[in-house]
Amino acid sequence: MMKTTLLATLLGSAAAFAPAQNAGSKATTALNAKKSAALPFLPYPENLTGYVGDDIGFDPLRISDYFPMDYLREAELKHSRICMLAITGYITVDLGYTVHPYGEGLSSAAAHNVLVEKGVMGNALVFIGLFEIVSYLGVAEMLQGSGRAPGDFGFGTFYLEGKTEEEIKKIKYQEIMNGRLAMMAFSGVATQSVLFDVGFPYIGAN
């Protein structure tokens, strides 16, 4: 009986130390895991694998662990394209080129309030809303496994004809990078022009 009790005690003691050894093993594995190229002190976000730009591995908040990557890439492409158009339009207006008569003689920053008062921005909101409703049909099908690539609406891709797979990947990567730059640029330009009442190139203060 005494021998049995002693044996049980020894086994229990050995088991008590097992978690510490496993934890050490996990810690070693984590240290040796693939690191993000953008943030080498953080592990690589695995869900970015296979997407354009996945080599950068920038996802410090690990958003890709909680939301579908197709949805995240769709949102990024949408905001990228909007901001590439927005920064171009913002600068064009501040250089004196306008399309709508209500905006004639106004800066981009000043035009907003005037166009809201005239109802132009309300009309724009309606058309944007309609586009969002229609475009989400494609997004919903994509999330259900239709095979649709994020951001692909089936038009405006003539420049990809005759290109190799590597060339297409490079072009898509350039769109992502230019889109990210445009998002930062539009934020900076809008802030500078409103806070300091300056036009292009949005440097200094009047």
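Heads up, the Cβ atoms here are built off N, Cα and C, so glycines get one too.
Per TrEMBL, chlorophyll a binding site is recorded for Ser64, Glu76, His79, Leu115, Glu175, Asn178, Arg180, Gln192.
Within 10 Å of the C-beta atom of Glu141 (chlorophyll b binding site) sit 12 other C-beta atoms, taking all shown protein chains into account. Positions annotated as chlorophyll b binding site by TrEMBL: Arg81, Glu141.
The signal peptide annotation in TrEMBL covers 1-16.
For the pair formed by Asn178 (chlorophyll a binding site) and Arg81 (chlorophyll b binding site), distance between Cα atoms is given as 9 Å, rounded to the nearest Å.
Between the binding-site residues Ser64, Asn178, Gln192, the minimum number of other C-beta atoms within 10 Å of a residue's C-beta occurs at Asn178.
On the backbone, the CA of Gln192 (chlorophyll a binding site) and the CA of Glu141 (chlorophyll b binding site) stand 40 Å apart.
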